[in-house]
Amino acid sequence: MQLLTIGINHHTAPVALRERVAFPLEQIKPALETFKSIWLGPSARTAPEAAILSTCNRTELYCATDDQAAREAAIQWLSRYHNLPIDELAPHVYALPQSEAVRHAFRVASGLDSMVLGETQIVGQMKDAVRTASEAGALGTYLNQLFQRTFAVAKEVRSTTEIGAQSVSMAAAAVRLAQRIFDKVSNQRVLFIGAGEMIELCATHFAAQQPRELVVANRTAERGTRLAERFNGRAIPLSELPSRMHEFDIIVSCTASTLPIIGLGAVERAVKARRHRPIFMVDLAVPRDIEPEVGQLEDVFLYTVDDLGAIVREGNASRQAAVAQAEAIIETRVQNFMQWLDARSIVPVIRHMHTQADVLRRAEVERAQKMLARGDDPAAVLEALSQSLTNKLIHGPTHALNRASSENRDKLIELMSGFYKHSGSTER
């Protein structure tokens, strides 16, 4: 089996492309079924394994398959599934085989590949991806072991290095941007759209600035109200958004919608009603919640996850020593995993050898039983059994030696000498 990771992320693709290859949570299980099917056929020796990780910053397919054309097949499947021309997608895709796939998984879970260096949210997202793949019956020995090791490495990196210390989160970066536009956030009205983990983090950071008003708009009223009350704010129905948008100076949105929920026309009306007082908008969703054309309006300052990434990276340089330490840990663990993987590769060979030897053994035992049944001398039967079994067991190695070239024969002799050194002693 070969490990392979196919994907795009914030390093290789802009948000405009990432949002087009994102997988909503409810689509992942059926997507895994169709994805695995590309490798299910008469030539497949082992059932393929797969998991899909889809976040704001990355969409990745983790695979274990014996298909030699897995890379091309996976990229073509991703292109077809999202109705994207292959020539538009392929330049942004990375394909990482074997040790590169292992190293990548370890780095992602450890926060080394994140926009926010050392952030911990990705671990929970990876665990969700693994849980979903397991529920879909898409995991097996190889990916199960990969992800178990991945989470162990992530824990080791975070507990033995300072990789997460003093990190600038996306939420903190949003506040910093707001402070560049408004003298005081405390004078502004802030609207949060959504009630998930990212909005909760943003609300925590903005609430610390004591804004004039804090409001939450969410599709589920109860959840929106619960979040708003935590910060002494209030909640409004999402349906009121178009008519109430002009009331807010700062709007932060992060929902799971597959289509924009804030269009150009609605923002144009809000700007007009505000008499061109500026609106600061942060769109943390992928796919995006706010139509990108909104950013072209005067008096509107629209930022996406990629824009916030530039601010986040300003704080990453100071932690390069921790990065080097984390990379060293990861490299050691990659080598350990590859040793396990190499050992797994010979399991089918060993199993086949045992099966073949057992077939020979059964045939000889059956032959000996027939000889005993007709009254042959037991000692002679045992001698015949041992001689015949010995001849058949060494027939394969002997045949290989006789047919090998002189160069290969020397290697075989050396290997077989080692085999028989470990075959056991006749002493009791």
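Keep in mind that glycine also has a Cβ here, set from the backbone N, Cα and C atoms.
Among the features that Swiss-Prot reports, substrate binding site is placed at Thr55, Cys56, Asn57, Arg58, Ser114, Glu119, Thr120, Gln121, Gln125. In sequence order, Leu53, Thr55 make up the list of same-chain residues 6 or more apart from Gln125 (substrate binding site) whose Cβ falls under 8 Å from its Cβ.
Remark: Cys56 (active site, nucleophile) has Arg18, Met198, Leu284, Ala285, Val286, Val305 as non-local neighbours, by Cβ distance under 8 Å and separation of at least 6 in sequence. A coil conformation is recorded for Cys56 (active site, nucleophile) in the three-state DSSP classification, outside any helix or strand. Here Swiss-Prot flags Cys56 as active site, nucleophile, drawing on sequence analysis.
Packing around His104 (site 'Important for activity') is summarised by its Cβ count: 22 other Cβ atoms lie within 10 angstroms of its Cβ, all protein chains included. In the three-state DSSP reading, His104 (site 'Important for activity') counts as helix. Taken from Swiss-Prot, the feature site 'Important for activity' applies to His104.
Marked as NADP(+) binding site by Swiss-Prot on the basis of sequence analysis: Gly194, Ala195, Gly196, Glu197, Met198, Ile199. Secondary structure from DSSP puts Gly194 (NADP(+) binding site) in coil. Listed in sequence order, the residues of the same chain lying 6 or more apart from Gly194 (NADP(+) binding site) and placing their CB within less than 8 Å of its CB are Asn218, Ser253, Cys254, Thr255, Ala256, Ala285, Asp289.
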Express the distance between the Cα positions of Thr120 (substrate binding site) and Glu197 (NADP(+) binding site) as a whole number of Å. 12
Out of Thr55, Asn57, Ser114, Thr120, which of the binding-site residues is least crowded by other Cβ atoms within 10 Å? Thr120
Nearest to Ile199 (NADP(+) binding site) in three-dimensional space, by Cα, is which of the recorded positions Asn57, His104, Ser114? Asn57
Between the Cα atoms of Asn57 (substrate binding site) and His104 (site 'Important for activity'), find the distance and write it as a whole number of Å. 15
When the Cα-Cα distance from His104 (site 'Important for activity') is computed for each of the binding-site residues Ser114, Ala195, Gly196, Glu197, which gives the smallest value? Ser114
